[in-house]
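Here's what TrEMBL has on this protein:
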- 28-48: transmembrane segment (TRANSMEM)
- 42-290: domain 'G-protein coupled receptors family 1 profile' (DOMAIN)
- 60-83: transmembrane segment (TRANSMEM)
- 103-121: transmembrane segment (TRANSMEM)
- 142-163: transmembrane segment (TRANSMEM)
- 204-227: transmembrane segment (TRANSMEM)
- 239-261: transmembrane segment (TRANSMEM)
- 273-292: transmembrane segment (TRANSMEM)
Amino acid sequence: MERLNQTSSVTEFILLGLSSRPEDQKPLFILFLIIYLVTIAGNLLIILAIHSDPQLHTPLYFFLSVLSFTDICYTTTIVPKMLVDFLLEKKTISYAGCLTQMYFIYALGNIDSCLLVVMAFDRYVAICDPFHYVTIMSHRRCVLLVAFSCSLPHFHSLLHVLLLNQLIFCDSNIIHHFLCDLSPLIKLSCSPTFVNEVVLMTEASAFLVTPFLCIVFSYIRILLAVLKIPSAAGKRKAFSTCGSHLTVVTLFYGSIFYVYLQPVSTYTVRDHMATIVHTILSSMLNPFIYSLRNKDLKQGLRKLVGRRHLQAATS
């Protein structure tokens, strides 16, 4: 960081945000405040319901609780800064703050990706090898899978931050975005960015595509196993356990591929909506998707709310 500060005149960046019109700032503030509060409340309810209901103490819901916690952290990395910027005329962020935000956005986003792979593997074992499910998905193995999912993305994020730290920013410091993202930052640099772009298009793409291909492979195996089930009721029951996860995967990877699997030079303001989907909206929608399509989780949420009402009535 000292090297960059000695060779660059840029010590802070200006985030243009979603709109530069003053009349849009308060409505956007209210909208994203509501989204943030709903995201926190929804994911906390999922975590509390899973923790308090013994019937939900299974590998799938253990992974889901970790995913909910990650979504809370992911959204908190982005939205509070957005809310502050909506109320300020000058939307600045320090160089160190920008790199820190980018580090956690990439780390937490890829933790989400890895957890979705782990959850797909859990469904694969449950449907394709149900008799060995308890042995394969032991508590120790589940903890190791979560530990791996939460640690590997930090190396990926650190690589891009270190490479970005080698660039020189000497002209414009205006980021046409509402957060510190890699592509718009690389476009601002006045030093050669060939290495950054190559790494972004190879390593970063592989880090996104590989988990997705693992999920696709798991569901191909699941589909083949389900088609062998003779009864229609059995097929529906098997597919019902995967519906929520497939919806989340489609929402998450569809938007993230649209943003990141393209050259840096083609990155435009139009990509903001896709970025909002995979960074903010998916974290808000995940609790609704899992709870609305999952009977066990809905029952756990009812028990949790019922206990809270009973405690409030007796206190």
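Any Cβ shown, glycine's included, is placed from N, Cα and C.
Here the transmembrane segment (273-292) touches the transmembrane segment (28-48). Their Cβ atoms form 3 or more pairs under 8 Å, with each pair 6 or more residues apart. Using a Cβ-Cβ cut-off under 8 Å and counting only residues 6 or more beyond its ends in the same chain, the transmembrane segment (103-121) has close neighbours at 60, 63-64, 66-67, 70-71, 73-74, 77-78, 145-146, 148-150, 152-154, 156-158, 160-161, 179-182, 207-208, 211-212, 214-215, 218-219, 245, 248-249, 252-253, 256, 278-279. Residues belonging to the domain 'G-protein coupled receptors family 1 profile' (42-290) score a mean pLDDT of 88 in the model.
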